[in-house]
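Q: A single structure is presented below for examination.
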Amino acid sequence: MVESALTQNKYSLWKQGVCWLLLLGPLFFLSYGQVNQFTATRYDVGSRVFAWEHAIPFMPWTIVPYWSIDLLYGISLFICTSKQELTRHGCRLLASSLIACAGFLLFPLKFTFVRPETQDMFGWLFHQLELFDLPYNQAPSLHIILTWLLWLRFRQHLNRGARMVSGAWFLLIAASVLTTWQHHFVDVLSGFIVAVVISYAIPIEGQWRWKRPSPHALRLAAKYTLGGIIFLLAGVLIPGSYFLLWPAGALLMVSAGYVGLGTSLFQKNEHGHLSLSARLLLWPYLTGARLSKMWFSRHIPKTSAILDGVSLGCFPDKSLQQTAVLDLTAEFHHRTRVPGVWYAYPLMDLVVPDVQDIAQAVAKLTELRQGHLTVVVCCALGLSRSATVVAAWLLAQGHVSCVQEAIDLIKSQRPQVVLTPAYIHALEQFQGTLCQISL
């Protein structure tokens, strides 16, 4: 009966894959071709090419990986293992065509190199390409967008060895847009940026969630917004400083997290892994957070045993004595070099968690402790978020009778803990819910 259900599910996914292919295939050729033809009639078409690009060799054989993306495009719709994965992957591909065509119309560019004549099989492949393609539709490179989106799907379903081979092939596809003299570098760069934004905006796992922000969260959002605007102005006004737009975007994204997107901004799953797209877009902020953690944790113990096998600590970068980890950070990525059972329940930095978040984190800590002799609860420095959850756990387990007693116990083992009146109030509210349950 189980096999029958699995077969039916696979058949259903195949039917949906066919439907997506029937939608996306004609849409791509129709929209791409029409935009190409329209741009050919325009008089405002320019070009963006760096001097060093003239040194890029023309390599006829790379037309093979260039063309292979058509086959991989179709296959990608039939390797998804769930309806959600297939639907969101299909939406990504749909968005890629629509956004790329919008870019072609808004920023029309033309490829300027004259491709040499090519013979044999490679020449035939170039001829087939020229039958429907014109030297327009340049930025953002749709080929690069699709290369990124398809690679993300294939790497999800391959073992390590096959993943390395596919990664090398997709890298070759990306390089082929230059070595076949189809695109200039600015097309590649803009295509990659658009691709990462699409994969971030339409995540395969999880979903976007909105949560009413507290006044303190809004104040933090204002500070990050100000920082983002400063970087934005610097990137626009200072010649050659476009790279500053990256930290500008990252800070504005974090601001959106404090305004209401919350931890969904980081796309962190229960295993502690941030999505690759989130790591790329937020890299300036994430790097700053890691450097800050390294600096401020210099004189703080990595972990501090509290009671009954539960410890409090900084976000671990290497192996631990504890056998399980409850990770409360949203901004740190769990790396596999840290062994042991790992569970993440992300909470925003510098924001007091509400009673529901505290209760769910305590429930997970209780579950981990029942299955493991030792558990470390960590946040960035092990001073606030993790201390709050451990204090709540002490209350829930009856190890202490009041909030102040829990705080005193924790501070006796980890004096650096910082719990402001807002955190204490949240703990008192949590204790109130415990009293109601006991009644």
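Glycine too: its Cβ is placed from the backbone N, Cα and C atoms.
Computed from a predicted structure; not experimentally measured.
Feature table excerpt (TrEMBL):
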type	residues	note
DOMAIN	356-425	domain 'Tyrosine specific protein phosphatases'
TRANSMEM	57-81	transmembrane segment
TRANSMEM	93-114	transmembrane segment
TRANSMEM	134-152	transmembrane segment
TRANSMEM	164-182	transmembrane segment
TRANSMEM	188-208	transmembrane segment
TRANSMEM	220-238	transmembrane segment
Q: Looking only at the domain 'Tyrosine specific protein phosphatases' (356-425), how are its residues distributed among DSSP helix, strand and coil?
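A: Split by secondary structure, the domain 'Tyrosine specific protein phosphatases' (356-425) comes out as 44 helix, 4 strand, 22 coil.
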Q: Sort out for me which stretch, of 57-81, 164-182, 188-208, has the most Cβ pairs below 8 angstroms to the transmembrane segment (93-114).
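A: The stretch I would name here is 188-208.
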Q: Excluding the flanking five residues on each side, which residues at least 6 beyond the ends of the transmembrane segment (188-208) place their CB within less than 8 Å of a CB in that stretch?
A: 84-85, 88-89, 91-92, 95-96, 99-100, 103, 139-149, 152, 156, 174, 177-178, 261, 264, 267, 269, 275-278, 280-281
Q: On average, what pLDDT score does this prediction assign to the domain 'Tyrosine specific protein phosphatases' (356-425)?
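A: Within the domain 'Tyrosine specific protein phosphatases' (356-425), the model's average pLDDT equals 94.
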